[in-house]
Amino acid sequence: MEPQRSPLLEVKGNVELKRPLAKAASRLPLSGRRLKRGPDQMEEALEPEKKRTRGLGTRVSTTHPRAAALSSAPQTQGQTTVPKAPRKPAPRCSTAVAPVLKTQKPGPVVPAQKPGTTAAPPMVGGKKPKRPAWDLKGQLCDLNAELKCCREKKQVLDQENQQLRDQLQEAQQQALALGAERRSLEEELTRVRAQAEQGQRELGNLSARVLELEERLGTQEGLVQELQKEQLRLQEERTGLAARLGEQERRLQTSEASLSDSQEEVASLRQEAAAREAVLAEREDRLHGLEMERRRLHNQLQELKGNIRVFCRVRPVLPGESTPSPGFLQFPSGPCGPSDPPTRLSLSRSDERRGTLSGAPAGPTRHDFSFDRVFPPGSGQDEVFEEISMLVQSALDGYPVCIFAYGQTGSGKTFTMEGGPGGDPQMEGLIPRALRHLFSVAQELSGQGWTYSFVASYVEIYNETVRDLLATGTRKGQGGECEIRRAGPGSEELTVTNARYVPVSCEREVEALLHLARQNRAVARTAQNERSSRSHSVFQLQISGEHAGRGLQCAAPLSLVDLAGSERLDPGLALGPGERERLRETQAINSSLSTLGLVMMALSNKESHVPYRNSKLTYLLQNSLGGSAKMLMFVNISPLEENVSESLNSLRFASKVRSLAARSPSGFLLTVGICTLVLGASGTCILKGCIFARHLTIDFWGD
Ligand code: ADP
Ligand code: MG
């Protein structure tokens, strides 16, 4: 079976395999079929020729068998093939050989009939007639002839044998050569097979590679298809984008056109804005100048009104109190009639000790008082605050402001300062209203570049001891721990040790502080009977303002003081232990109040020594009194006739204070004249808490 050939081998075979085979065939005298046999088989291959030659007795051959065998080598099989006769033992040389010999060498083989012998019987039917038995001579003759024939035949056969041996030797040599050639061919075949196997393997690898590449090709083709689709999509998208781009470009051109218009417009607007900014800056400067002018004029106005002002407030008759007789208190109208705010008050007192000559009781004595403003019992808290809001503005402008509430216990001092009970907004006192006003104005001034901060403290002075009303925790209700000290060596600023200074920025924080102060007073009230009315309550707010843009600063304290009850001890009372304590309290109160009067007097008289240190109250308030400080005293009056004596005392004290106001620097303004102070370019002038800096010219009224 022919091995399956690879295409590669087949190609090679066409070139290489056929060549040695053809070469071998050309060198061999034998047919290709015989060449396939080995050298051992060669003799065997030659054997049938011999046999055929030997077996010619049965066949008639016109050619020499040996020559036929040799000459038939290059012939085709069909031309040379003679059906093989079955191998038989070589027949003895008999009559059967004769025809062969006759055909080969007919002449010499046929024996001549000897005389004396009978001639050979004629052929009957192709067969040699048998000699009769008696023809011994004939028979001998035949035998001799036959022997001669055999000898000749033998000679021929020997020659043939020798030829065959030579041929055999030659064939063997050929076989050896062929064997060598075969081995080389086999080696070549092995090499070729190895090459074929290598080629096969390479082919396998290449096939696998081809498969892999085909697979990759398939994948790549899929990818290519996808990419083609993507490319199509992108092309569509590109077309869309190009259209949009065209649109955008058109819009851009339009926009650029409008932009250039806008830029021109912007340029003109910028010019306009620059012009406006210049105008604005100029206006700001003017506004600032106006603000400073407003401050100056406001201060002038306040000073014209008086750096010390006294307001009188009469509280209404409370439920359960006896209504005073008509005409007991009167509020005469001003020069412009009832539309004028009242500034005068008349108190009628019937003195039973005085009598007329007729013995009839004398008529009531009328006491007239005049103040900067008088608030009759029906005046509301808002009305009262309106009058002092100007002073609060002065505090923001950098002038120390101090507001006192003076009067006997129950006259309405606390109501005026803090407000009525119940948290009714209408009943709110001066402290919450003043602070709300401060926060609001500070907010407005922030638009002009001013920044304000506020720090609150609230203390009470009882029997010349200072107690923090904003104390919390374990310090709540305790007193005597606070001392008034200077903030530092050489500093004019005063501070109360152990007292809380709380920054505040809104009304709620102030309300919380007032609530805490009320709680602290309530604790003290249980410890000592009505101590709150026997002590001075001082609410202080440190106001600090700064105009960073112009390098201006201002600072001033706003003090709101609810003074202790000014009533005197009834001299008719027996002096028990409680009364002695009360007497001591009263003496302390009277001492501090008279010191306050003396301080005011010393300030108004421009005395070199002001007795601030004579009481804790004046010592604490020394920065809020005198100089450019604004002082307002509320004298609170009870409307009751039974309190007439204390009311008169209060009114007289207040009148004295007011008389000081008439002699205060502002009182002499019109007569003394105007003094102008011009500050240097980098100079700073401190005016009792009011600081002005840089390029600022101040015209102020002064002595
Ligand atoms: P003081 O502090 O001088 O001792 P208060 O402020 O405590 O007096 O006032 C005593 C009482 O009179 C309080 O009940 C207060 O509510 C009331 N009162 C004072 N002034 C007024 C007023 N103007 N309107 C209404 N009630 C007032
Ligand atoms: Mg009070």
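Every residue gets a Cβ built from N, Cα and C, even glycine.
Since the structure is predicted, the reported quantities are computational estimates derived from the model, not experimental observations.
Features reported for this protein in TrEMBL:
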BINDING   Gly407, Gln408, Thr409, Gly410, Ser411, Gly412, Lys413, Thr414  ATP binding site
COILED    147-307  coiled coil
COMPBIAS  72-82  compositional bias 'Polar residues'
DOMAIN    307-660  domain 'Kinesin motor'
REGION    22-93  region 'Disordered'
REGION    105-130  region 'Disordered'
REGION    322-369  region 'Disordered'
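Across the binding-site residues listed here (Gly407, Gly410, Gly412), the residue whose Cβ sits among the most other Cβ atoms within 10 Å is Gly407. Taking each of the binding-site residues Gln408, Ser411, Thr414 in turn and counting other Cβ atoms within 10 Å of its Cβ gives the largest count for Ser411. By the rule that a residue counts when its Cβ sits under 6 Å from some atom of ligand 2, the binding-site residues Gly407, Gln408, Gly410, Gly412, Lys413, Thr414 yield Lys413, Thr414. Other residues of the chain with a Cβ within 8 Å of the Cβ centroid of Gly407, Gln408, Thr409, Gly410, Ser411, Gly412, Lys413, Thr414, the ATP site, are Arg315, Ala405, Phe415, Ser533, Gly565, Asn636, Ser638. Spatially close to Lys413 (ATP binding site) yet at least six residues away along the chain are Ala405, Tyr406, Gly407, Asp562, Leu563, Gly565, Phe634, Asn636, judged by Cβ distances under 8 angstroms. Thr409 (ATP binding site) counts 18 other C-beta atoms within 10 Å of its own C-beta, drawing on all protein chains shown.
For ligand 1, the nearby binding-site residues are Thr409, Ser411, Gly412, Lys413, Thr414; that is, of Gln408, Thr409, Ser411, Gly412, Lys413, Thr414, these have a C-beta under 6 Å from one of its atoms. The average per-residue pLDDT of the prediction over the coiled coil (147-307) is 86, rounded to a whole number.
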